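Enquirer: Sharing a structure with you now.
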Amino acid sequence: MGEYIMEKNTIILGIETSCDETAVAVVKNGTEIIANVVASQIESHKRFGGVVPEIASRHHVEEITVVLEEALKEANITFDDIDAIAVTEGPGLVGALLIGVNAAKAVAFAHDIPLVGVHHIAGHIYANRLVKEVQFPLLSLVVSGGHTELVYMKEHGSFEVIGETRDDAAGEAYDKVARTLSMPYPGGPHIDRLAHEGEPTIDLPRAWLEPDSYDFSFSGLKSAVINTVHNAKQRGIEIAPEDLAASFQESVIDVLVTKAARAAEAYNVKQLLLAGGVAANKGLRARLEEEFAQKENIELIIPPLSLCTDNAAMIAAAGTIAYEQGKRATLALNANPGLDIEA
C-alpha cells in the first residue's frame, strides 16, 4: 500500500476595504470559508444618496481591528495558523483601500506572515470558487457599482478583459435611475423589487454598439429614463414607477445576458461565472439561468447573495491562487485606486 501523505491546508486571511464594507475572512485551500465577517456602512451613507469617501474611511478605521479579531475568533485560529494575508490593493476609494492595506501590512510585519495584493474584481470572480471548482477556459460577467465587464480566463490568475463599459457601469445606472424615482440608496435592490411588480411597457434604448463588440454602454439608457420621467411630469402624465423600473431593468439585463452568451459561445468556454454586487439582482440571475439552461456545454455558476456584495472571503479565495503561484507583495504595497486587472 502506498504511503498516504496528508497535504497541509493553506489558510489565507482576507481583508477588504475598497468601498463601504469593512470585511475580514479566513479561507481554507481557496475553497472553504472558515470565517467571513462584514461590517456594512450602508446606513451611514443612505442620507447622502451614495458613498461619501471621507465617512467610509473613518468607518474603516473604527471597524478594522474589531472585524479582524471577530474573524479570528470565528475561525478559532491565531496569527500563527495563517499562511498568508491577502488584501484588496485596488481599485476602489483610495482612503478606504489604505485602511485595509495598512492593516494587512501591520499584521504581516508584526507576525512575519507573507503578504499578497489582490485586485478587487479578481476577488469578485473568485467568489465563484467558494461555490464550485472553476474550469478553464471560462468567462466571467462582472457587474458592480463601478465595473461592468466580460473577463476571459484561460488559467488561474490570467485575466483578459474582452468587453467593458464605455461610460456608466450597470450599478451606477441603477443608482442614478433609483434617485430619479426618489428611491433610497443603494438603488439596485429597490429597482429589482419594483421591476417584479411592473411590466416592461416603456420603450427604452439598448446599446448594442458595433456588431462584434462585447462592450457595454448605459449612459444613453440612464438619460432616456430621466427624460421619460421629466417629459411625463411636464405633460402631466402619470407613469407607473414599477413599469419604468421593469422597462429599465429589462433593457440592462437584455444587453448583459445577450453579450455574455454570445461571448461564451465565441470563446468556447466551459463555464460562465457571474460576479459583482449587481450579481445579487434577481432579474439578472433568473434570465441567465433561463439562457444557459439551453447551453449544455456551458455551466453557469452564480454565487449566493452573501458572496456577491463586497466581502473578504472572495479576496482570500483570489489571494490563495496568487499565493500558490508564488506572488508576494512587499511592505511597500500601496493602495492603487486605478489598478488594472490585466497588469
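Residue numbers in this text run from 1 along the chain shown.
Placed from the backbone N, Cα and C atoms, the Cβ positions cover glycine too.
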Enquirer: Quick check: of Asp175, Asp203, which does Swiss-Prot put in the same substrate site as Val142, Val143, Ser144, Gly145, Gly146, Gly188, Asp192, Asn281?
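Expert: Checking Asp175, Asp203 against Swiss-Prot: the substrate site match is Asp175.
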Enquirer: Do you know which of Asp254, Asp310 Swiss-Prot groups with His120, His124 in the Fe cation site?
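Expert: Swiss-Prot names Asp310 for this Fe cation site.
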Enquirer: Enumerate the residues of the same chain, His120, His124, Asp310 excluded, that satisfy the criterion Cβ within 8 A of the mean position of the Cβ atoms of the recorded Fe cation site; list them in sequence order.
Expert: Glu16, Ser18, Thr88, Ile121, Gly123, Ser144, Gly276, Gly277, Asn311, Met314, Ile315
Enquirer: Which chain-mates of Ser144 (substrate binding site) that are at least 6 residues away have a CB under 8 A from its CB, listed by sequence?
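Expert: Ser144 (substrate binding site) has long-range Cβ partners Ile121, His124, Ala169, Ala170, Gly171, Ala275, Gly276, Gly277, Val278, Ala279.
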Enquirer: What does DSSP assign Val142 (substrate binding site), in three states?
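Expert: Note: Val142 (substrate binding site) is in a strand by DSSP.
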Enquirer: Helix, strand or coil by DSSP: which one applies to Gly188 (substrate binding site)?
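Expert: DSSP call for Gly188 (substrate binding site): helix.
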